[in-house]
């Protein structure tokens, strides 16, 4: 590329960033994420690294979508638990009226400190969300789910009435109002969304998310979460192998994919996730079926090695620290909760 063209493109990039903000455009091959982006860990180290900043960014809108029972709420609750560990406040707007408090507690959420709202209408849910964000004291706000944000007119109307585009209009208006105050308050707002099928699509992906197109534009990070296999112990299904694709990312290069295990009643397997990453980065050696770390054997087979690590949290923390060092991402600490 000639010097003049290089100069011209640099000028265009700087103008785009000036007008639309840092991260509006970036080179796909560039490894660097946006500098100094405060983030909250997701509970999965591999996903934290795929997001490029060590977790979901603060002061941004995040969308987590996928089919039913794919782990959307589990991932959102893990993020809420991580925010609480850092000394922050988490809120959960339960529009689906389906939050399982016992399960949230098992994932590490301090349920006594969790702010929970079960609104009657979509308008009420989004107004509550706006007031919580405006307070400036909430670190993570989860809205579960966009599909359950039913407009008041639809609730008060008859069962067969048509309400075309009402929910999309509601979301569009709410996001226009919310996006500015979310940025100022440094709150991470997570919208959980469901998948629908577009009718009559012959070519391309027939899947779409509910609530119109506004959320697709306003979200800084969009995560597509899918169950790809069942985890079995004998004949019993004890969990699922889950794949997450970073479909959109305005704080680091997108399109990265990760896989991790979600166990029923336990959530994301931290030890299994760290073990997979450590093998990938060459921190843990895998020879045949044996896993070894620092010359010592951890176990034979992945499951035995995972259970060995589960009983030794200090060893897990040590390996996790080395993974962060190799990845070149600073470890997220309590200092960021302020």
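Any Cβ shown, glycine's included, is placed from N, Cα and C.
According to Swiss-Prot, the ATP binding site annotation covers 66, 67, 68, 69, 70, 71, 72, 73, on the basis of sequence analysis.
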Exercise. Sort out the sequence-distant neighbours of residue 72 (ATP binding site) for me: same chain, 6+ apart, CB within less than 8 Å of its CB, listed by position.
Key: 64, 65, 66, 144, 145, 192, 193, 225
Quiz prompt | Packing count at residue 70 (ATP binding site) (other Cβ atoms within 10 Å of its Cβ) | solution = 23
Quiz item: Counting only other Cβ atoms and using a 10 Å cut-off, which of the binding-site residues 66, 67, 71 scores lowest?
Solution: 67
